[in-house]
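Structure record follows, encoded as structure tokens.
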Amino acid sequence: MNITFLGTSSGVPTLTRNVSSLALKLSQTAEVWLFDCGEGTQHQLMKSNIKSSQIKKIFITHMHGDHIYGLPGLLATLGLSGNSNGIEIYGPSELKSFVTSALESSFCKLSFPLRFRAVEDFASLNKILFENDKLKVHCACLKHRLPAYGYRVSEKDKPGVFDIKKAEDSNIPPGPIYSELQAGKTVQLKDGRSFNGQDFCGPPRKGESFVYCTDTVFSKSAVNLSKNADLLVHESTFSKEDEKMAYEKLHSTTIMAAKTALLSNVKKLIITHLSPRYTQRSSIKPSDLLKEAQKIFPNTYLAKDFLTAEIK
């Protein structure tokens with residue numbers, strides 16, 4: 001799996017950063033899952049290597065405009081191209097009325113169904129938000145000025161590496177039967193011999209995990225959600241020098257994001273959602289924000305629009 005940042009600015013877009021949105025490209029299928037959809041997201045998609053037609057799920061963290069204003073427009077555009085299977089949208093309960101009102105008021109009729117799922121109960125009760133045979137999604141309550149939710153996408157463990165040579169040495173003819181053995185199934189050949197696939201596979205390979213936390217001040221629930229994840233994307237709206245403002249607005253500093261990564265034992269941290277006050281011409285530059293976080297958590301990277309990063 002990999003992610004592509006479509007917007008990395010906090011509050012308002014800048015000349016170099018759009019407002020919040022991130023695309024997760026699944027390795028198991030051709031699907032793309034979108035996290036937040038600020039104004040201008042569909043334009044960012046056009047500039048990226050992400051195909052909007054592959055978007056099947058959209059996860060919204062909270063109802064602030066810089067995270068949702070691009071959603072009705074994106075859905076309207078997708079409606080022109082057609083998407084017969086529909087799109088699932090996860091987020092706060094108010095999200096459904098916002099989207100349907102915008103579409104109805106503009107006389108927009110989609111050519112595909114929208115399926116909304118409110119996340120409040122799943123977050124408060126620590127229930128699985130979504131699960132299939134390869135992935136599961138959890139969410140958790142964050143700490144912001146209005147209800148906000150972080151998301152974790154966890155890939156289930158994959159079968160171990162299949163030992164082709166061992167299968168060949170056992171005179172098992174190559175073909176579809178190898179796939180069954182790799183899946184751990186017991187198969188019987190035409191000559192009557194039976195083989196257990198687990199005997200031909202190495203130990204299971206641990207699945208990848210990705211966590212997206214914004215907007216929030218430092219939160220223990222974000223730490224718990226991020227435990228042992230391969231990649232944490234966490235907001236870092238403010239420098240440590242502006243900590244007072246972070247507490248007033250319930251946003252994170254670079255130190256808070258790095259502390260979350262450290263306490264949750266993640267492998268890699270990418271900081272995003274930067275305040276537009278930090279530019280190449282300001283006294284505190286984006287590169288300074290990165291250095292602040294790296295002092296606490298060395299394996300930290302700075303997000304920028306269109307950056308693509310592997311989960312593991």
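Cβ coordinates come from backbone N, Cα and C, glycine included.
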Swiss-Prot Zn(2+) 2 site partner of Asp66, His67, Asp215, selected from His43, His273: His273
Co-listed Zn(2+) 1-binding residue [Swiss-Prot; alongside His62, His64, Asp215] among His144, His234: His144
Rounded Cα separation (Å) that holds between His273 (Zn(2+) 2 binding site) and Asp215 (Zn(2+) 1 binding site): 8
For Asp66 (active site, proton acceptor), the three-state class that DSSP assigns: helix
Additional residues surrounding Zn(2+) 1, by Cβ distance to the His62, His64, His144, Asp215 centre under 8 Å: Thr61, Met63, His67, Leu142, Arg145, Leu146, Ala148, Thr214, Thr216
Cβ neighbour count (within 10 Å, all chains shown) around Asp66 (active site, proton acceptor): 22
Euclidean distance between Cα atoms of Asp66 (active site, proton acceptor) and His144 (Zn(2+) 1 binding site), Å: 14
Zn(2+) 2 site, defined by Asp66, His67, Asp215, His273: further same-chain residues with Cβ within 8 Å of the Cβ centre: Ser10, Gly11, Val19, Ser20, Asp36, Gly38, Thr61, His62, His64, Thr214, Glu235
C-alpha spacing of His67 (Zn(2+) 2 binding site) relative to Asp215 (Zn(2+) 1 binding site), in angstrom: 10
